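*Asks:* Handing you a structure now.
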Amino acid sequence: MSRGAACRLLRACPQLPTQIHGRLPARIHWARRSFRAAGSVPPGPGTCGSRDPGNGRLRLRRLPLTSDRRDGRALRRGGGTHYTMTNGGSVNSSTHLLDLLDEPIPGVGTYDDFHTIDWVREKCKDRERHRRINSKKKESAWEMTKSLYDAWSGWLVVTLTGLASGALAGLIDIAADWMTDLKEGICLSALWFNHEQCCWGSNETTFEERDKCPQWKTWAELIIGQAEGPGSYIMNYIMYIFWALSFAFLAVCLVKVFAPYACGSGIPEIKTILSGFIIRGYLGKWTLMIKTITLVLAVASGLSLGKEGPLVHVACCCGNIFSYLFPKYSTNEAKKREVLSAASAAGVSVAFGAPIGGVLFSLEEVSYYFPLKTLWRSFFAALVAAFVLRSINPFGNSRLVLFYVEYHTPWYLFELLPFILLGVFGGLWGAFFIRANIAWCHRRKSTKFGKYPVLEVIIVAAITAVIAFPNPYTRLNTSELIKELFTDCGPLESSSLCDYRNDMNASKIVDDIPDRPAGTGVYSAIWQLCLALIFKIIMTVFTFGIKVPSGLFIPSMAIGAIAGRIVGIAVEQLAYYHHDWFIFKEWCEVGADCITPGLYAMVGAAACLGGVTRMTVSLVVIVFELTGGLEYIVPLMAAVMTSKWVGDAFGREGIYEAHIRLNGYPFLDAKEEFTHTTLAADVMRPRRSDPPLAVLTQDNMTVEDIENLINETSYNGFPVIMSKESQRLVGFALRRDLTIAIESARKKQEGIVGSSRVCFAQHTPSLPAESPRPLKLRSILDMSPFTVTDHTPMEIVVDIFRKLGLRQCLVTHNGDQAPPWHYNKKRYPPSYGPDGKPRPRFNNVQLKPIAEEREETEEEVRLLNSTTL
């Protein structure tokens, strides 16, 4: 805004400063919560790409600040933490207001790594930018063009994100299929063909052995010249293990050397980033490049993992990179998160071929702030990504996923009982997996074993390959296994799961084959599936969280599909041999197609995935889009809700929330209920040994005083008061803004020295003639910090932080006089120590003292412990 425009605004609204100051609390104290910032340390051996933050504890600092009307304290969500504070009556806030007459300082308003953003300030910045563009658009054609570009930039960035997400997903699918088949053999006629593509054009392929053709050669045929026999089996076994270890070793080395953030699923970190946390480099170009390559290698290695979860991370990397092309998003962290929400929807869209499910996934599972326009853009991004993937057609079946199925038999009412039982199994599996995986990851972080991520990946890959090869169902790629389990038995199926005895002489209908007695192949397949189920359960626990890209969707769906297929075959045989029972009598007549085992596999897959992630609506829609039938929504809903209820009985956290807590990320879950009946004053109890409040005065401090205060404390911000005598609140100044402003003034303004007076007031006070030039920093001051009273209930305060996305909140207390204070100097540590090792960073909580010292109750102690991250 120009200087003249600012003067016109002040002349038009002369009462503006009076109105603002009239709402400020007279007596203020503020509090900050101590947190060991997640990620102030580089990626350690413990967690995948997290910066091994350790546990944070709520630390209370007693800080005085008095004024003629109220005293208060502030609650701070510092360099990364939850906020759990305060309670009371009135809530005072107004728009963040900067001094209109000061020139903006470059760098002010930005954030350090591993800090949270101020949603209120970012929204105000965007509104100011929008008003500035609208005020100029009628001045010239160029300004009108800039206005239109700004208006359409949101649609452009989500379009580019959708295009890139679809293209990368198609590339990953094609490469992963080819490298998975490379473990078994190679196509001599065209090296870039996988097994299925190699045999498409062969005239020598038989119906019973459709996967065998002269063009495809196994490694045994190429090396020892034998296609059958013990020697051929052993050679193929050895080559399978060799390729699995090679792919896994290459993947973990690329991740460790080039992009430590490329490992894991990425969804816990994306949830944290979308809630307002800053993790520099997590969505960068190197992470995108390495994750795309290593995701193919990890899937091809045969590890018990999937590519669907990491595809969300890949899509968000695309959205983050493209957002830097548009100033509207590159300079505003809150607006950038709208793009990331749309990108996560595009990632699920290409992962499952479910555009609507992707939008609901973004809304239900990962997004923290989801306005209506983000819903439209998320839908558009998912649509574009799905269209691109469908155009690439990576699986050659004109579908977006490999295991797309269609059923032609309806379900019957009595089948709700086995569907609910599958939901119970899914809930139990989810609760077991979350506890077992978190326990193993915690052990990895706390022991020397976590210091050797390459060795861990090699051991897990070796065990997986050695055990998986003898069993045909574990040797298969997990997506192909799900496809086979989902598929209903028809006359064209040659799988052992469809080895039924044909007792009927009537001609068979292609889409309606009656239930038949199981043959020897079916019983053999059931035993193999039981072994595969145990294998998948154990290996998934140890695989999720290793230092390679590892998704959880596909392994969980595979476990549920195995259990569901076994239950489906059991119910099918029960209905065949006991069709006269009252539960089967009405629907399952002799010769009727009554039970569809593939449907049970689909319901079991949804139940297990729901038990692990605690997804509900989005999961049902995703699975519904996989099958293309509305008829099976009720069984899916019954199983998914049952799995959620059973899982919630053992713990309300899903796997992603559990990993967020394990990594120490600052995430305030909107779905978590706050049950404590305490007030802010009860929680923010000061200690007598706590230091006094670190404050800045309006015009009585020098540059050297402020620099000393910054060096001696680790707080991320300081209240600005009128003076030590009249402690009336003027505003709130962030530590980073102070540092940047002082450094900028030393470089660009002459006469700024350590003894220069710092002025936060609108008018510079009169100084002696020999005094050095004063430094005016009113432009970096937040003159309307959000305030609540100390009697505000904790539930209200938590909701305020959740819904407004505050970074700090000032808590006021009506009192006559503050008790005496103690002061303790504290140095702000750098990120790395003198030995080169990462050093933890603390963001302390400054608190106002309570006039009367209260007894410490057990409830308060539990509350303090429960806030430990």
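Cβ from N, Cα, C; glycine included.
Feature table excerpt (TrEMBL):
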type     : residues : note
DOMAIN   : 684-748  : domain 'CBS'
REGION   : 37-58    : region 'Disordered'
REGION   : 819-842  : region 'Disordered'
TRANSMEM : 152-172  : transmembrane segment
TRANSMEM : 237-262  : transmembrane segment
TRANSMEM : 283-303  : transmembrane segment
TRANSMEM : 339-363  : transmembrane segment
TRANSMEM : 412-434  : transmembrane segment
TRANSMEM : 454-473  : transmembrane segment
TRANSMEM : 525-546  : transmembrane segment
TRANSMEM : 558-579  : transmembrane segment
TRANSMEM : 599-624  : transmembrane segment
*Asks:* Limited to the domain 'CBS' (684-748), I'd like the whole-number average of pLDDT.
*Replies:* 82
*Asks:* Take a look at 283-303, 339-363, 525-546, 558-579 and tell me which one has the most Cβ pairs under 8 Å to the transmembrane segment (152-172).
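*Replies:* Against the transmembrane segment (152-172), the leading stretch is 339-363.
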*Asks:* Checking distant contacts: for the transmembrane segment (599-624), what same-chain residues at least six beyond its ends satisfy Cβ-Cβ under 8 A?
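*Replies:* For the transmembrane segment (599-624), the nonlocal Cβ contacts are 348, 352, 354, 356-358, 360-361, 363-365, 405, 407, 409, 411, 418-419, 422-423, 425-431, 433-434, 482, 485-486, 488, 552-553, 556-565, 567-568, 571, 630, 632-633, 635-637, 639-644, 646-648, 652-656.
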*Asks:* Which bits of the chain, at least 6 residues beyond where the transmembrane segment (454-473) starts or stops, bring a Cβ under 8 A of a Cβ in it?
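*Replies:* Here the qualifying positions are 237, 240-241, 244-245, 247-249, 251-253, 256, 301-304, 444, 481, 484, 525, 528-529, 531-532, 535, 539, 542-543, 546-548, 562.
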*Asks:* Give the residue counts of the domain 'CBS' (684-748) per reduced DSSP state, in the order helix, strand, coil.
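*Replies:* Tallied per class, the domain 'CBS' (684-748) gives 24 helix, 15 strand, 26 coil.
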*Asks:* Would you kindly list the residues that approach the transmembrane segment (237-262) from elsewhere in its chain, counting only those six or more residues past its ends and only Cβ-Cβ distances under 8 Å?
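*Replies:* Non-local partners: 42-43, 49, 179, 182-184, 219-220, 223, 269, 279, 281-282, 284, 286-287, 289-291, 293-294, 297-298, 300-303, 453-454, 457-458, 460-462, 464-466, 469, 475, 546-549.
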